[in-house]
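Working notes for the structure below.
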Amino acid sequence: MDKLKCLSFFKCRGKETVTASSENFHVGENDENQDRGNWSKKSDYLLSMVGYAVGLGNVWRFPYLTYTNGGGAFLIPYAIMLALAGLPLFFLECSLGQFASLGPVSVWRILPLFQGVGITMVLISVFVTIYYNVIIAYSLYYMFASFQSELPWKNCSSWSDKNCSRSPIVTHCNVSEGIGHIIQMNKSWVDTNNLTCINGSEVYQPGQLPSEQYWNKVALQRSSGMDETGVIVWYLALCLLLAWLIVGAALFKGIKSSGKVVYFTALFPYVVLLILLIRGATLEGAAKGISYYIGAQSNFTKLREAEVWKDAATQIFYSLSVAWGGLVALSSYNKFNNNCFSDAIVVCLTNCLTSVFAGFAIFSILGHMAHISGKEVSQVVKSIAAILEVVGIIWIYGGNRFIEDIEMMIGTKRWIFWLWWRTCWFVITPILLIAIFIWSLVQFQRPKYAQIPYPDWGVALGWCMIIFCIIWIPIMAVVKIIQAKGNIFQRIVSCCRPASNWGPYLKQHRGERYKDMIDPVKETDHEIPTVSGSRNPE
């Protein structure tokens, strides 16, 4: 009879009674949070965070910035910006998501006036996901194309033009025209007239590598410009479809499936980087590339230039993926008493060390490319949401209050422990964010692709995407003010206080500070308290 009572909404598992919420496929029977689920293992979370933070910015952008900003000297402002801005913001987002066990939109119950910031973060992630999957599609195409006895981009072929060459191309040379009369002529003219260049008189220019022409002419089938879209490249379209199917399969069971996929997606890139480093180190000219990276040519005088420090700060925010909402979402599946502080330290250091490691792998190969092509290495080669996030949580909600929330999770710490974080959160980090934002606006230039400026409609489309992301911040602020009660001043004040359902998700974690909060499971709306009825800050 007992088994007959186990209907679809309840299931008997030995002596354990599991409610309907536990029937979700993303919730395990041993999870602390039976409504949302938790990470199966600590390693699932850490690898997911590493996989989220470490990306193309570490492999492509960091080595380039290191070279252009003084080589090894760039590591100094990079490390300083990590300590002053990157790590504090990373720790803040991890703590915020873990404390409330909510995603990047719902977590703004902490400050209803800023709920639009959460929507902005989600939209940023949407656009990033769209273009990242295109890059994944390119990678899939090259993976399939490489299953041949000889790589199709190894040598020039029928798809290449006269500029295709694995070595420098002779463009001009001296020829003898009569006794004692020497002239310099175009190499094609010399060949047409069956003449011979005088030894040592050749003038070289770097040719286009077969891999470069294969990318433009075969893989992309690149058109003459953005105004000419060309035809759909069917094999890239299929690879893009496959990329989305892979993402969907990885997320099919939420963190329970994605937490296992990251054991491959987060670790395998390090294997590839190690292979590239070993292979690159054996190539002729590799030492030259490493020297350009962090060798004897490091220029410490570059540290006096403001541009270097701006690039270091920008790269930190870019590579750590802060203010995109992903850190909040991933951390929201932690158990309440997880040590998010140590997690933030580990992930940030892993991210930065990966950047340095990738630089050795990339520049050893670039040094070889410079050696065989005759080019110099230099030629081979989200801030609004973040500002409002820091201002809203630290200045409006209250930095000391937020620290008390963190101590509910990781335990009480001595005042000296929080001195650094208070200094960064209250002063240094927001100042740096504002400076980067202003600098980005002042230094804005029309983007280019292969030295071709974007057309007006392309620039306008980019600004429309930016506006579409940030417009939700004032829209949601107005909506929340309209929903509040009282006069305009009272409404604004009430929207700057936590909603009545803000706090730890599970009752056993609320303690005395949040004993009166409304259960977020029962109250799903972002309730806005009135001035007279809101909880007073402690």
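Counting begins at 1 with the first residue displayed.
Heads up, the Cβ atoms here are built off N, Cα and C, so glycines get one too.
TrEMBL names G51, A53, V54, N58, S319 as Na(+) ligands; from the candidate set N30, N133, N351, N400, the record adds N351 to that same site. Looking up C164 in TrEMBL gives a disulphide bond to a cysteine among C156, C173, identified as C156. Under the criterion of 3 or more C-beta pairs below 8 Å, with sequence separation of 6 or more, the transmembrane segment (74-92) and the transmembrane segment (232-252) do not qualify as touching, having fewer than 3 such pairs.
In terms of C-beta pairs under 8 Å, the stretch of 45-62, 261-281, 345-367, 419-440, 460-482 lying closest in packing to the transmembrane segment (379-398) is 419-440.
Highlighted: of the candidate stretches 45-62, 113-144, 345-367, 419-440, 113-144 has the greatest count of Cβ pairs under 8 Å to the transmembrane segment (460-482).
The list of residues near the transmembrane segment (45-62) in space but at least 6 beyond its ends in sequence, with Cβ under 8 angstroms from a Cβ of it, reads 39, 132, 135, 255, 258-259, 262-263, 265-267, 269, 273, 315, 318-321, 326-327, 330-331, 333-334, 338, 343, 346-348, 350-351, 354-356, 358-359, 362. Distance noted between the C-alpha atoms of S319 (Na(+) binding site) and C164 (disulfide bond) is 35 Å.
Annotated Na(+) site G51, A53, V54, N58, S319, N351; additional same-chain residues within 8 Å of its Cβ mean position, judged by their own Cβ, are V50, Y52, G55, G57, L320, S321, V347, T350, T354, S355.
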